[in-house]
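*Asks:* Got a structure for you, written out below as structure tokens; questions coming shortly.
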Ligand SMILES: Nc1ncnc2c1ncn2[C@@H]1O[C@H](COP(=O)(O)OP(=O)(O)O)[C@@H](O)[C@H]1O
Ligand SMILES: O=C(O)C1=C[C@@H](OP(=O)(O)O)[C@@H](O)[C@H](O)C1
Ligand SMILES: [Mg+2]
């Protein structure tokens, strides 16, 4: 197996081995990928070491490494920085795939610098690439801010009119997270903040942007996009662009914590434990950690040391536990009472608000709930729970929620998604008119569709109903759930339903109409399809395979 690696000075933060493993494992041609921390004096020897067939290059060597290349791509030469090295026929060739990565990041997040004033923090190799992309996308002005340049952090007031801010420095990066170079409140015209850092997922700069309601994005998509391009150079063949989205989702699954917040007694500890078991993750409960640390129960801590002391310890414990990766963390209901807790829990997590009716909240052993009316407590906290969380999980009393049900609501799955809808009598497949529809069952059909989705690694939901209104409801729901495509066999409603036609038109999601039989060569009334005009494709007479072809069609034409 060939050896590749990431060259840099400090690499503790890097997700590159994870990303390259995913790129190597899932698309044929895996390779070894190592972190190669090196001092400047040893850079040349490392690059020339025959053990390695190529490298990625990061801070601070993106400019310097060019010196040891025999050839440099035109693009990299123009930018003045490389991030990829490949050895071909004994020659060391340098490339810049960061350009592609940064461009991808902006485009996929609808950040358009055209006509805008941009400031770029940092003046290293990545900064050069960022500047090139911003200029190519017609930014009005690109100002580089660096510690010792003409534009620096002391005269930043000259650029408080900046509209886009891009951080290319390592300030705020793991393990030294939680710091930012700027006071964002000074930038009143700012309408986009990009941080190339991807670990933590949300740097302090990005958290500040989120608090201010400014569109913002971190560097994970850029990391994966540039890695995909580099991997193509390493392996010598193209990789589907859809892999970027898939791997971004997988990296999030591998690195983000799930954090549960919400009113005391709402079920955070209970659900957290179930989630952790089901997702095979480690589980932490901040109250339990506090009790262990203090050697006292929560009521005892409140009684002996008071609430202020408890809150201080709680923040300390949060700081520790939020350094975990891929854990499930239940918090105490009061963490939202301290502003300083927000950036701590926000850094690397998906945050869920567990909700339950006030009358059903458990109050036992909860000193705050016993001393303050729950309505009052909820008034004080509800806006904070809402603002701090990404998603809500309803946990009504007596619902007997198993994690399986909750999981659908909260599991983080960013893959390209398709909804398959079947209309009336399709559930009777295998029983009904076998001469027309075949003898295979509805379950067999679903299995085939699921296998197809697994093969393409897409998210799938299958729905069947005999009721027109339910089908309309489902189509509408697909809009709010953000499905990328719909495959529909409206069955008998094909030839009658204006309501289903209107629903497809309303959601504007690419939809393929499927019929198992040859509808055009049966009764005349089957030749009319109301839904057809709203569909991007119509497939009939291909049996169950029609559904698989429909998924292929959508995936090939609409997944980029
Ligand atoms: N979904 C659920 N199913 C069964 N019992 C639950 C559920 N959610 C909460 N409970 C119970 O309600 C009580 C309070 O839940 P807990 O997880 O301790 O709340 P929190 O951590 O939010 O204070 C516990 O007795 C817990 O077992
Ligand atoms: O809401 C609160 O202020 C508190 C909630 C409790 O945790 P739970 O939310 O798990 O009950 C515990 O941290 C402490 O009693 C204070
Ligand atoms: Mg709890």
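We number each residue from 1, going along the chain as drawn.
Note: Cβ is positioned from N, Cα and C throughout, glycine not excepted.
Pasting the relevant annotations from TrEMBL:
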type	residues	note
DOMAIN	6-85	domain 'Shikimate dehydrogenase substrate binding N-terminal'
BINDING	265, 266, 267, 268, 269, 270, 366	ATP binding site
BINDING	269	Mg(2+) binding site
BINDING	287, 311, 333, 381, 489, 495, 502, 516, 517, 526	substrate binding site
SITE	432	site 'Transition state stabilizer'
ACT_SITE	515	active site, proton donor
*Asks:* Among the recorded positions 270, 489, 515, name every one whose Cβ is found under 6 angstroms from ligand 2, counting any of its atoms.
*Replies:* none
*Asks:* List nothing but the one residue from 268, 270, 366, 432, 515 whose Cβ has the fewest other Cβ atoms within 10 Å; the candidates are the recorded positions.
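*Replies:* Sparsest of the recorded positions 268, 270, 366, 432, 515 by Cβ contacts within 10 Å: 432.
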*Asks:* Per DSSP, what is the helix/strand/coil residue tally across the domain 'Shikimate dehydrogenase substrate binding N-terminal' (6-85)?
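*Replies:* The breakdown for the domain 'Shikimate dehydrogenase substrate binding N-terminal' (6-85) reads 31 helix, 17 strand, 32 coil.
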*Asks:* Of 268, 269, 287, 432, the recorded positions listed, which put a C-beta under 6 Å from ligand 3? Please answer none if none do.
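*Replies:* Only 268, 269, 287 meet the Cβ criterion.
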*Asks:* Roughly how many Å lie between the Cα atoms of residue 265 (ATP binding site) and residue 502 (substrate binding site), rounded to a whole value?
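*Replies:* On Cα coordinates alone, these residues lie 44 Å apart.
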*Asks:* Whole-number Å distance between the CA of residue 432 (site 'Transition state stabilizer') and the CA of residue 270 (ATP binding site)?
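*Replies:* On Cα coordinates alone, these residues lie 46 Å apart.
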*Asks:* In sequence order, which residues at least six apart in the same chain have a CB under 8 Å from the CB of residue 489 (substrate binding site)?
*Replies:* 421, 422, 423, 426, 513, 514, 515, 516, 547
*Asks:* 265, 266, 268, 270, 502: which of these binding-site residues put a Cβ within less than 6 Å of any ligand 1 atom?
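*Replies:* Listed by sequence, the hits are 265, 266, 268, 270.
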*Asks:* Give the residue from the binding-site residues 266, 269, 517 that has the most other Cβ atoms within 10 Å of its Cβ, counting over every protein chain displayed.
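*Replies:* Per the Cβ count, the most surrounded site is 266.
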*Asks:* Based on DSSP, name the secondary structure state of the residue listed as 'active site, proton donor': helix, strand or coil.
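*Replies:* Its secondary structure by DSSP: strand.
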*Asks:* Using the recorded ATP site (265, 266, 267, 268, 269, 270, 366) as reference, state which further residues of the same chain have their Cβ within 8 Å of the centre of those residues' Cβ atoms, listed in sequence order.
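*Replies:* Here the nearby residues are 262, 263, 264, 271, 330, 333, 354, 356, 361, 362.
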*Asks:* Just going by other Cβ atoms within 10 Å, which of the binding-site residues 287, 502 has the emptiest spot?
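*Replies:* With the binding-site residues 287, 502, fewest surrounding Cβ atoms within 10 Å: 502.
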*Asks:* If you measure from the C-alpha of residue 269 (ATP binding site), which of the binding-site residues 287, 502, 517 fall inside 10 Å?
*Replies:* 287
